[in-house]
Amino acid sequence: MRVLAAMSGGVDSAVAAARAVAAGHDVVGVHLALSAEPGTLRTGSRGCCSKEDAGDARRAADVLGIPFYVWDFADRFKEDVIDDFVASYAAGETPNPCLRCNEKIKFAALADRAIALGFDAVATGHYAQLENGVLRRAVDADKDQSYVLGVLTAEQLSRAMFPVGDTPKDRIREEAAERGLAVANKPDSHDICFIPSGDTRAFLGARIGVRPGSVVDADSGEVLAEHEGVHGFTIGQRKGLGVQGPAADGQPRYVTSIEPDTGTVRVGSARNLEVDAITADRAVWTSGSTPVGPVECTVQVRAHGGLAEAVAEAVDGGIAISLREPLTGVAKGQAVVLYRTDPAGDIVLGSGTISGTDARPNTQ
């Protein structure tokens, strides 16, 4: 089988490529150039798409004895990931750019080009398990990335490979060292690659500008402060609110809702964050078939968030989710990923983009 190995320059994708070679596949390595402007992506060992990473990926390919290329996806990345990120925050939403990159770049634009060139699959270093179209959590629960892959369709998964998902991260590093890969001890990347400063608010402000609004008490409606734009806030945020003192009940204040049309940011105590129901649009069902009737499942609403038991039902191209227990910090624009518990690793059932939430009166 001809396999295109997406090599980010990190240890996981290097070992993924190595395992594809060891499995007897005809492997070609490729690194994605994602910025047309030098210096706009992070440089150094902590980046996931920096200039240094391209060199690390090339050296890993040399060790493996496979051809290596750098493909320019800067325009697509800007349009589908960066511009989407900015527009979502301007609309009072909280997007996940890594998730969007998987959906639109790695397993769409990149995979489409790979298939057009005669490749059968794209291998990446994601921590997830995939077999016969079934996407599961990784063996290493701390590194599991099934959440950011939960937006992939059955067709996209049919041409994907995740060779490292069945192995703990520590063992992957050991294997990299055994194979003579210099990236064996390279630190993991954690931040957003196109915000090298790590200052998301400044990045967004430079692109959106000042759009004044008010910070309002969620219970009393009192105006507590003014702000320069809803893009500086996300649901559950506690710091940087521009408000002095706790809520009326003596508890810390959090962002509880964002109203982009009026520029209103409401803040309140933690109880104001609790939701019992989630509505999502852009539903994707991993099996390719939309389920009929209610589905018992667990849901995850953040990349490193916990699971909550729920009942989900497909509704008009979206998903209606009723939670067994309240969740906090649920924001529009986030992905909600549905799982079915399984001893071999929880199975991804599907996902949607959160478009609304609701709470029972007694939780307010």
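Cβ from N, Cα, C; glycine included.
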>> With A6, M7, S8, G9, G10, V11, D12, S13, G125 listed by Swiss-Prot as ATP-binding, which of these, L32, L34, L149, is given for the same site?
In response: L32
> Within 10 Å of the Cβ of H126 (site 'Interaction with tRNA'), how many other Cβ atoms are there?
Replying inline: 27
>> For C101 (active site, nucleophile), which of the three DSSP-derived states applies: helix, strand, or coil?
In response: helix
> If you measure every Cα to Cα pair among A6, M7, S8, G9, G10, V11, D12, S13, L32, G125, the residues listed for ATP, what is the largest value in Å?
Replying inline: 16
>> Let me spell it out: for each of the recorded positions (A6, L32, C101, C193), count the other Cβ atoms within 10 Å of that residue's Cβ, using every protein chain shown. Which one has the most?
In response: C101
> Going by C-alpha distance, which of the recorded positions C101, H126, C193, Q334 is nearest to A6 (ATP binding site)?
Replying inline: H126
> When the Cα-Cα distance from D12 (ATP binding site) is computed for each of the recorded positions C101, H126, C193, Q334, which gives the smallest value?
Replying inline: H126
